[in-house]
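J.: Pulled from Swiss-Prot, these are the listed features:
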- 23-1398: topological domain 'Extracellular' (TOPO_DOM)
- Cys53-Cys66: disulfide bond (DISULFID)
- Cys91-Cys108: disulfide bond (DISULFID)
- Asn95: N-linked glycosylation site (CARBOHYD)
- 175-223: domain 'Fibronectin type-II' (DOMAIN)
- 240-357: domain 'C-type lectin 1' (DOMAIN)
- Cys262-Cys356: disulfide bond (DISULFID)
- Cys332-Cys348: disulfide bond (DISULFID)
- 387-504: domain 'C-type lectin 2' (DOMAIN)
- Cys408-Cys503: disulfide bond (DISULFID)
- Asn456: N-linked glycosylation site (CARBOHYD)
- Cys480-Cys495: disulfide bond (DISULFID)
- Cys619-Cys636: disulfide bond (DISULFID)
- Cys701-Cys798: disulfide bond (DISULFID)
- Cys776-Cys790: disulfide bond (DISULFID)
- Cys842-Cys939: disulfide bond (DISULFID)
- Cys916-Cys931: disulfide bond (DISULFID)
- Cys1069-Cys1089: disulfide bond (DISULFID)
- 1123-1234: domain 'C-type lectin 7' (DOMAIN)
- 1399-1419: transmembrane segment (TRANSMEM)
- 1420-1464: topological domain 'Cytoplasmic' (TOPO_DOM)
Amino acid sequence: MLLSPSLLLPLLLLLGAPRGCAEGVAAALTPERLLEWQDKGIFVIQSESLKKCIQAGKSVLTLENCKQANKHMLWKWVSNHGLFNIGGSGCLGLNFSAPEQPLSLYECDSTLVSLRWRCDRKMITGPLQYSVQVAHDNTVVASRKYFHKWISYGSGGGDICEYLHKDLHTIKGNAHGMPCMFPFQYNHQWHHECTREGREDDLLWCATTSRYERDEKWGFCPDPTSAEVGCDTIWEKDLNSHICYQFNLLSSLSWSEAHSSCQMQGGALLSITDETEENFIREHMSSKTVEVWMGLNQLDEHAGWQWSDGTPLNYLNWSPEVNFEPFVEDHCGTFSSFIPSAWRSRDCASTLPYVCKKYLNHIDHEIVEKDAWKYYATHCEPGWNPYNRNCYKLQKEEKTWHEALRSCQADNSALIDITSLAEVEFLVTLLGDENASETWIGLSSNKIPVSFEWSNDSSVIFTNWHTLEPQIFPNRSQLCVSAEQSEGHWKVKNCEETLFYVCKKAGHVLSDAESGCQEGWERHGGFCYKIDTVLRSFDQASSGYYCPPALVTITNRFEQAFITSLIGSVVKMKDSYFWIALQDQNDTGEYTWKPAGQKPEPVQYTHWNAHQPRYSGGCVAMRGRHPPGRWEVKHCRHFKAMSLCKQPVENQEKAEYEERWPFHPCYLDWESEPGLASCFKVFHSEKVLMKRTWREAEAFCEEFGAHLASFAHIEEENFVNELLYSKFNWTEERQFWIGFNKRNPLNAGSWEWSDRIPVVSSFLDNNYFGEDARNCAVYKANKTLLPLHCGSKREWICKIPRDVKPKIPFWYQYDVPWLFYQDAEYLFHTFASEWLNFEFVCSWLHSDLLTIHSAHEQEFIHSKIKALSKYGASWWIGLQEERANDEFRWRDGTPVIYQNWDTGRERPVNNQSQRCGFISSITGLWGSEECSVSMPSICKRKKVLLIEKKKDTPKQHGTCPKGWLYFNYKCLLLNIPKDPNSWKNWMHAQHFCAEEGGTLVAIESEVEQAFITMNLFGQTTNVWIGLQNDDYETWLNGKPVVYSNWSPFDIINIPSHNTTDVQKHIPLCALLSSNPNFHFTGKWYFEDCGKEGYGFVCEKMQDTSGHGVNTSDMYPMPNTLEYGNRTYKIINANMTWYAAIKTCLMHGTQLVSITDQYHQSFLTVVLNRLGYAHWIGLFTTDNGLNFDWSDGTKSSFTFWKDEESSLLGDCVFADTNGLWHSTACESFLQGAICHVPPETRQSEHPELCSETSIPWIKFKSNCYSFSTVLDRMSFEAAHEFCKKEGSNLLTIKDEAENAFLLEELFAFGSSVQMVWLNAQFDGNNETIKWFDGTPTDQSNWGIRKPDTDYFKPHHCVALRIPEGLQLSLCQEKKGFICKMEADIRTAEELPEKGPSHSIIPLAVVLTLIVIVAICTLSFCIYKHNGGFFRRLAGFRNPYYPATNFSTVHLEENILISDLEKSDQ
């Protein structure tokens, strides 16, 4: 039953369930009430200095008494970094058109203001360097001049970023798993959280766009409370195992998004424990063809494959194609219902459907884990080692696995079975004490699929695999397992190898009195532990009085696991905390162990919670639950917590930790400084073949026996920072991968180093990024760590301990240790010799004696020789007199533009011999000496990349025939006849061009590509260009292909597949797309050279026989330009981005937004003609995670130069090739582009879709069932299905509808290949018609027309992505889309209409096809978009109707120099 608004109003007035539509009444802000709000992410913003809180009024924000609570003081972070006010039902925003005071509350989907905010050191900052401030009259304003700090009221000084919004990915519904949009408007009310409103089944739901009635995109919300009540209606229960499963087959998420969605419901991604469970999953999907995410992953850098829910991994069914090589990026597992060996590995960033799994009872596992850490005094016979009720013996005799098994059995024992992390700790200690590196354990498998079992028949309840394990050997009947000493991890081995082995048998348990600990204390290893349950401040807890002798210090993961188990016995409340001895009370920026009355201890291990340590200067407490045992920084005096106490076992002294500092010099060209225990090496683009992803970079370092760089202490970060400054120009903004990451899903979202050193500093203190997928960090030379997507490609830095000799990979090309500095390399020869000898040596090494051309280079050289020199030596440089008393010159012939002579040392009096220059290692000053004197020296070699470009012989401009277009030194002819009968195939087109004295066009640059594309505006016919697939590296005119723009949909050299015709090899030729229905505008793809129906572009060189004129000089660029129904204004002035905004407004325009390829191409030609970069209206407020247009335009179109170009600043410009770059907003550029934004129109189609058994998505006046594209039916069955739903199979009537359909189908990724269409072949006039009798407009059908020659009985029409109409046997099973007219009732007539409460029928993905797989990657590899498609997640699946093109007569347009048509 639907609730009426009158019944809802009293609920809206409750503070515990704010809805934001009522004033609310004053209430005391009790700690309990605050905690209740904060659990929902709702907080009160308090001025740290003024102690008053922000209240939102109707038109102004003010500071008020925090204790006078009302809803207008309550705030919440929402989608897209918005700040939502509960009472005002609006979002905090900046209106740049009101610069005198832009700050206020606005509609949360307003396109006229900026609604993004971020935290920076307790400041609330927005775009254009605005931040939230307090004015003299206690009003809250935005300013760019001052800074004000804000905290969360009642949090003990915590900032408001502790409550950042976290995406909720929807379940079922019609949104394909897209995240909820908060707030969203439903029934004329803004909802900042999931709601049950409008539903009779009481399930939580949300909209995935800002207005539900407009878009009707929705889904169910992950409900954390469902973990407490078992399986609800969106879960399916296996009655035999009492396990619940949720099949999200219509969603398309990355692995981490799917993992998060399952976790939010108290579950986890699917784990498969045995063949029975796998068969259950397979049978559930037996009628489908689908590949789904499961919880299998290898994201822990220190371990192997694991299940994300912690389930032991002993059952495996890998596909033979799985690659276990370390450089492979596929680290997440999938399950395929359509192959016997169903498990595959995929790139975790791929988007797929997924299955969640939830145990109804996890208590049994928790009891076993807790009991494993309990101390039991145990007695064993001589020669055996006691540990917790069992006895163990390491046999130091190498045997095969089977021999070891029989040997243990002969001794009344068994090969060791390992049941917990506690037992791993014991085994690691045992092997270490016995100096054994590896041993057999009792795990093996002789089954297919592989199922590892213990030799003593005990259950496998724990696994601990090594990196890249378990690796399954093909064609091997039995697999055996060993454990290594360093971490106790397991490896799959050939059973015939020989190793040591450990036997295990039951021991005799002694009484508890013999534990060695006092009553109330628990023992682990050589220490006793106790919990003081009284809440105290850190100062009280650490005094040694309440917690004698000291708070706990934690040295490794085993001790942490024991303590987590210990605190589980006393935790009753969700927010219980326990003080530990870690602190930074002196605010050094580095956390250390400081137990009371004891020496400070170095930190060997950390176990932080997400976003920790948040700041320096705090004290550390361990969390009791959610998640248990994780560490968080708290205020040392204000925060109260229980205490964890630790003392040595009686009569046992605490071992003193001795930190050893190796003094071994760094090997080869690794670098360090005195006092550091490690050496570093920078791998930059000048020295390696390519930039790499984070995992590739880590594997690269591992090849040397190293890891990506970590910072064990502040001194290491300082050294790396100086190292980068010493090599690169600080203006380059280079970014280098380091080992900082949060990839491990079992690590609670906390950051860690890949070499496992502890995290002791707040590296991400100044920026908060929320729960996004940027799980790896880069380092910049200004001491900045920046989170990025791990799949981005960057340079990197490796680190290795001083006393470890680097390995030399087989692919490594050894070179003498040259040092890099700003595009040159230097070799320091420390031995002494004459100047002429070194000139020969340097020449032999293809270099020259050192030249110094700047103060920076001088400083670099001086710092190096000062460190290398003994007794203040001087070093030869490349200065020499050609004859005595001549001027000194550089020997390589470069001019002397910088000098640093010591006074009087350049040339002594009465000099009679030839002299050469040197540099002093003490002062850095230059002097001269006789060239025969022996000194050390330095060689310098230039890089291959030159500092200036070679200048080609200038070409001469000429003339073009009438009807041809001028472009640079070419004439171009665009030939697209209006009569379709005049359209050409490739051979005819080339013949036409040849008769005109030219050839089909060879596109040689981005600008030429843009010029042709902009001239195709208004056309829907694709055009031939001069490439064939038998030589796609050479143009028809013989020039090499130096520029290309291939469609991501096309596969070079592979002909299209048609189910009705087994094609022979046919020649393919290149087309340029001007129809965006199936290929992006301007992209190239191959087609049968003999196909007619296309236009073409010819080229020939301009005629230079007469007087050549450069029309760029004759016709200057006008300031106002018209193109494609848009008006542009060019601003020529030296200005910042902010000044560009204001200047455009002064002219009645806006800074330009660019939303499609046509206008991008037009502006590319304009900018290239102007010759300098211009500001455009794109900007970011969150360090490049999201970008907005300053005029409020919403578009997913981007044109970045490369992936790095979006990370260099907050404001964006376009260069002279049209490519986009970000830079600092205060930078000065020579111009900006303004435009008059197109008017936005309200929807002309207010109809709604009726509720039936399947979900519908509305477009214009029709509704579509996209959930059925994953169901496999014959044409007839699909037709009947739609008919029962009161609809028909899909028909497509225009380009806008076609574009909408393809946009929606992209959301299914590789899951959709073909769908049935409601079309038939009319034999009377040999045309294809829709079943309603209307003809198909074949000119609108993408890249290939249907061939009527192949229409035969029993063949039906399908839409194949991305090729267009295809023929298939009607009995084949394919997906389909039902279509019906929308309900004529409007949203106003249905105020209580909610989303359909029917649950989407389970559907699954069709067979993966190569063409569609490439289609799936299209937004990731789309030219200049790179990895930004996922970064622009706020624009996922947008639909923007195609422009209603009308032919534009470009010959009468602007840009005379290039666009004019000759009158000759």
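Just so it is clear, glycine is given a Cβ too, placed from its N, Cα and C backbone atoms.
What's the neighbourhood like for these features in this structure?
T.: DSSP gives Cys53 (disulfide bond) a strand state. The Cβ of Cys53 (disulfide bond) lies under 8 Å from the Cβ of Val44, Ile45, Gln46, Ser47, Leu63, Glu64, Asn65, Cys66, Met73, Tyr153, each of these being in the same chain and 6 or more residues away along the sequence.
DSSP assigns Cys91 (disulfide bond) to a strand in the three-state reduction.
All protein chains included, Asn95 (N-linked glycosylation site) registers 16 other Cβ atoms within 10 Å of its own Cβ.
A sphere of 10 angstroms centred on the C-beta of Cys356 (disulfide bond) encloses 29 other C-beta atoms.
The secondary structure of Cys332 (disulfide bond), as reduced to three states from DSSP, is extended strand. Residues near Cys332 (disulfide bond) in space but far in sequence (CB under 8 A, at least 6 apart, same chain), listed by position: Trp255, Trp293, Leu296, Asn297, Gln298, Leu299, Ser345, Arg346, Asp347, Cys348, Ser350.
In the predicted structure, the domain 'C-type lectin 2' (387-504) carries a mean pLDDT of 93.
Under DSSP, Cys503 (disulfide bond) is assigned to a strand (E or B) in the three-state scheme.
The C-beta environment of Asn456 (N-linked glycosylation site), restricted to residues of the same chain at least 6 apart in sequence and closer than 8 Å, consists of Ala414, Leu415, Asp417, Gly442.
Secondary structure from DSSP puts Cys495 (disulfide bond) in coil.
Listed in sequence order, Phe538, Ser542, Trp579, Leu582, Gln583, Asp584, Gln585, Val633, Lys634, His635, Cys636, Phe639 are the same-chain residues six or more apart from Cys619 (disulfide bond) with CB atoms under 8 A from its CB.
Of all Cβ atoms in the shown protein chains, 25 besides its own fall within 10 Å of the Cβ of Cys701 (disulfide bond).
Under DSSP, Cys776 (disulfide bond) is assigned to a strand (E or B) in the three-state scheme. Over all protein chains present, the Cβ of Cys776 (disulfide bond) has 27 other Cβ atoms lying within 10 Å.
In the three-state DSSP scheme, Cys842 (disulfide bond) falls into the helix class.
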J.: Between Cys262 (disulfide bond) and Cys939 (disulfide bond), how far is it from one CA atom to the other, in Å?
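T.: Checking the Cα atoms of Cys262 (disulfide bond) and Cys939 (disulfide bond) gives a distance of 60 Å.
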J.: Please report how many Å separate the Cα atom of Cys939 (disulfide bond) from that of Cys776 (disulfide bond), as a whole number.
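T.: Each residue's Cα considered, Cys939 (disulfide bond) and Cys776 (disulfide bond) end up 38 Å apart.
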J.: Could you count the residues of the domain 'C-type lectin 7' (1123-1234) that DSSP puts in helix, in strand and in coil?
T.: 28 helix, 36 strand, 48 coil
J.: Using a 10 Å radius around each Cβ and all protein chains in view, which of these disulfide-bonded residues has the most neighbours: Cys790, Cys931?
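T.: It comes out as Cys790.
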J.: For Cys91 (disulfide bond), identify the closest of the disulfide-bonded residues Cys790, Cys916, Cys931, Cys1089, judging by Cα separation.
T.: Cys790
J.: Going by C-alpha distance, which of the disulfide-bonded residues Cys503, Cys776, Cys1069 is nearest to Cys108 (disulfide bond)?
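T.: Given the candidates Cys503, Cys776, Cys1069, the nearest one is Cys776.
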J.: Given the recorded positions Asn95, Cys480, Cys790, Cys798, state which is nearest to Cys1089 (disulfide bond) when distance is taken between Cα atoms.
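T.: Among Asn95, Cys480, Cys790, Cys798, Cys790.
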J.: Using the alpha carbons only, what distance in Å do you get between Cys1069 (disulfide bond) and Asn95 (N-linked glycosylation site) once rounded?
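T.: Cα-Cα, rounded: 52 Å.
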J.: Sequence gap of 6 or more, Cβ distance under 8 Å: name the residues on the same chain that satisfy this around Cys408 (disulfide bond), in order along the sequence.
T.: Gln395, Ala414, Leu415, Tyr501, Cys503, Lys504
J.: Quick one: pull the CA-CA distance for Cys495 (disulfide bond) versus Cys931 (disulfide bond), whole Å only.
T.: 70
J.: Measuring Cα to Cα, how many Å separate Cys842 (disulfide bond) from Cys931 (disulfide bond)?
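T.: Each residue's Cα considered, Cys842 (disulfide bond) and Cys931 (disulfide bond) end up 16 Å apart.
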J.: Is it possible to get the count of other C-beta atoms within 10 angstroms of the C-beta of Cys798 (disulfide bond)?
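T.: By my count, 27.
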J.: 10 Å Cβ neighbour count around Cys91 (disulfide bond)?
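T.: Neighbour count, Cβ to Cβ under the 10 Å cut-off: 27.
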J.: What are the DSSP helix/strand/coil residue counts across the domain 'C-type lectin 1' (240-357)?
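T.: Taking each residue of the domain 'C-type lectin 1' (240-357) in turn, the totals are 19 helix, 40 strand, 59 coil.
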